[in-house]
Amino acid sequence: MFCSLRNFLHVNRRFPRHVSPSSSSSLSQIQSPLCFPLSSPSQSSFISCPFVWFTSFLCIIRYPFVTKSGTSTYSEDFDRDWIRKVVHNDLWDDPGLEKLFDLTLAPIWVPRVLVELKEDPKLAFKFFKWSMTRNGFKHSVESYCIVAHILFCARMYYDANSVLKEMVLSKADCDVFDVLWSTRNVCVPGFGVFDALFSVLIDLGMLEEAIQCFSKMKRFRVFPKTRSCNGLLHRFAKLGKTDDVKRFFKDMIGAGARPTVFTYNIMIDCMCKEGDVEAARGLFEEMKFRGLVPDTVTYNSMIDGFGKVGRLDDTVCFFEEMKDMCCEPDVITYNALINCFCKFGKLPIGLEFYREMKGNGLKPNVVSYSTLVDAFCKEGMMQQAIKFYVDMRRVGLVPNEYTYTSLIDANCKIGNLSDAFRLGNEMLQVGVEWNVVTYTALIDGLCDAERMKEAEELFGKMDTAGVIPNLASYNALIHGFVKAKNMDRALELLNELKGRGIKPDLLLYGTFIWGLCSLEKIEAAKVVMNEMKECGIKANSLIYTTLMDAYFKSGNPTEGLHLLDEMKELDIEVTVVTFCVLIDGLCKNKLVSKAVDYFNRISNDFGLQGNAAIFTAMIDGLCKDNQVEAATTLFEQMVQKGLVPDRTAYTSLMDGNFKQGNVLEALALRDKMAEIGMKLDLLAYTSLVWGLSHCNQLQKARSFLEEMIGEGIHPDEVLCISVLKKHYELGCIDEAVELQSYLMKHQLLTSDNDNALPNM
């Protein structure tokens, strides 16, 4: 059977191109439209579609050599003139046509009819569309391909593209490209239809299929237009598929496509958005090497890309080159410059570009104003931010969610919640919906103001408004509950967050560790830290420092030092804050000698320079360990290094000298504080009054006590009783009685403390 079929397929492959309407004809006399020469890059051969040949063979068997006298046949009417007449005159009820579509093999006959009508593309397309209206009939892929070729050859490109799109969407089981290729000689060979198919696949978002189509086109040396390739590049870039962008760019160049300025603009923009600015620069230079002139879009991408990674000098160079090349900067150019300079703390330069833009006759848009409003807000310059906000409304621009959210966030951060909510309400009134950032800013503001009930209510409204809380939203609310020491609710929110499929980040874990440490639940904090490590999140210096501080404060310096060793093993930076916690913790745990050892190794072993806080912690520790001379030497070194001792350093050294009975040295320190305009606080006054009192300098002690009260700083009862007792001990009874009356008058002593004083 198969041998006979093969012999049949190889006999008389070419049929007469025309059948006379007056002659008897069999179905086998009609030209087969489904057998086309298929050429490859290496050879030209005649390849047929087996399925089509086989079905044609079956059709011949079913209607064997019908004659004109056979009333049950229709082949006598099936000729070119007849079918043209039927289609042209809309004779859709013609019996011959009815019989054609009654056949099981109608999908095989339709392509034949289309070929018969190929000389009149409009009639062919008319017949094709009418066929689709027949109940139960569905065009074969061959029909789609044939009519696409016919239409494309007739330059009916819109209709051809519609047919190709419909064919692709019909989800044909066979490979569309292969059938389109095998039917290519139905008209004068032309390859634009293959580029059209490639473009259709791209337009439909069928990018994998488009890549396969491109590969086959390359194999048969039918190359798509650069414009079509640009379309695929653009699609990949929009989806953020950088690897696919790079791969296809290389393939299209390898296939001989000549990249255009638009091609390079896509590539450069994609690289810049990925932060790979050096790759973007390479493409920029390659573009110029090919003789292509960068346009405004090119320069805008380069300026924006380099600006976002902080390469501000490069952005200015590109901007100047742009102007030298007579490429006029537009609003997008200036917006990119304003944004990058504001982002990296150079607001004055950003403002210069804003003024230059206006001076060049360009009108700032919403993005221009919003960027500057946000920059002023971040700098704490609220008046200027409001001024630009008012200006943008004055010129008819409607603030967007970014503008409003910047102002709302800034007001929340300075505790001005009433204005923040007023702006939020105004935002809704003008039809600008709150986004997740707006909600998060307001929630954070309420949490900072310890209005946790309102914060949680607002958080609950997010889902109702169709705004899904993100990690930042949860972070804000959880931080509020942790700060309020409501760890149970914070843990509930953590579980809710995980239930939504949101993974906690370093900030969230750090918040929990800080909260647990502040509640002295160090072991629980350690459990959280271990969970964080299991999730692949590496603890940073701040988290280690927080835990270290908690261990020192709990009287467990061994564990604190163990964390320091762990930081060094894991190559986690030991900062000056960490070192300050270390020195202070060791001193407070009476391990002053060990603190001195670490202090002396700060430069060589840790690569740090001691700051004022570290020196102060060491001075305080030495004084409390009665090493006043060493503390004084360290104080002098501190000054020599250009570090300014703070009130704590002075107070610690003053207190240490008093304990050693060095009254003159202590008072000299007090005089130095007054000389540099440093006011005494509660601790400093307490140290002075207590020290002078215990050194029997009662008159001076009384003087500083009155000065203290006059400054509005109230001594505690312990200090007051201590001074009174010293008066009694030294026999200064009258002064003691008078001082007691003075203290009672200022409500610094209560009757409950009478028993603490000697009976007179």
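If you go along the chain as it appears here, the first residue is 1 and each next one adds 1.
Just so you know, glycine gets a Cβ as well, placed from its N, Cα and C.
The repeat 'PPR' annotation in TrEMBL covers 225-259 (among others). Cβ atoms under 8 Å from those of the repeat 'PPR' (225-259) belong to residues 195, 198-199, 202-203, 205, 207, 210-211, 214, 218, 266-267, 269-271, 273-274, 287, 290, 292 of the same chain, restricted to positions at least 6 beyond its ends.
Residues 226-227, 229-230, 233-234, 237, 240, 242, 245, 249, 301-302, 304-306, 308-309, 311, 314, 325, 327 of the same chain lie 6 or more positions beyond the ends of the repeat 'PPR' (260-294) yet place their CB under 8 Å from a CB of it. The repeat 'PPR' annotation in TrEMBL covers 260-294 (among others).
Taken from TrEMBL, the feature repeat 'PPR' applies to 295-329 (among others). DSSP states for the repeat 'PPR' (295-329), grouped as helix (H, G, I), strand (E, B) and coil, give 26 helix, 0 strand, 9 coil.
Taken from TrEMBL, the feature repeat 'PPR' applies to 365-399 (among others). The repeat 'PPR' (365-399) scores a mean pLDDT of 94 in the predicted structure.
If you look up TrEMBL, you'll see 400-434 (among others) marked as repeat 'PPR'. Note on the repeat 'PPR' (400-434): DSSP counts are 26 helix, 0 strand, 9 coil.
Here TrEMBL flags 435-469 (among others) as repeat 'PPR'. Under DSSP, residues within the repeat 'PPR' (435-469) fall into helix, strand and coil as 26 helix, 0 strand, 9 coil.
Within the chain carrying the repeat 'PPR' (470-504), a Cβ under 8 angstroms from the stretch's Cβ atoms is held by residues 436-437, 439-440, 443-444, 446-448, 450, 452, 455-456, 459, 462, 511-512, 514-516, 518-519, 521, 532, 535, all 6 or more beyond its ends. What TrEMBL records for 470-504 (among others) is repeat 'PPR'.
Among the features that TrEMBL reports, repeat 'PPR' is placed at 505-539 (among others).
Marked as repeat 'PPR' by TrEMBL: 540-574 (among others).
Counting residues per DSSP class in helix, strand and coil order gives 26 helix, 0 strand, 9 coil for the repeat 'PPR' (611-645). According to TrEMBL, the feature repeat 'PPR' maps to 611-645 (among others).
According to TrEMBL, the repeat 'PPR' annotation covers 646-680 (among others). Counting residues 6+ beyond its ends, the repeat 'PPR' (646-680) has Cβ neighbours under 8 Å at 612, 615-616, 619-620, 622-624, 626, 628, 631-632, 635, 638, 687-688, 690-692, 694-695, 697, 700, 708, 711, 713 in the same chain.
Positions annotated as repeat 'PPR' by TrEMBL: 681-715 (among others). Tertiary proximity for the repeat 'PPR' (681-715) is limited to same-chain residues at least six positions away from its ends with a CB under 8 Å from its CB atoms, namely 647-648, 650-651, 654-655, 657-659, 661, 663, 666-667, 670, 673, 722-723, 726-727, 730, 732, 735, 739, 742, 746, 748.
Long-range contacts of the repeat 'PPR' (400-434) within its own chain (CB-CB distance under 8 A, at least 6 residues past either end) are made by residues 366, 369-370, 373-374, 377-378, 380, 382, 385-386, 389, 392, 441-442, 444-446, 448-449, 451, 465, 467.
Long-range Cβ contacts of the repeat 'PPR' (295-329) within its own chain (Cβ-Cβ under 8 Å, at least 6 residues beyond either end) map to 261, 264-265, 268-269, 271-273, 275, 277, 280-281, 284, 287, 336-337, 339-341, 343-344, 346, 357, 360, 362.
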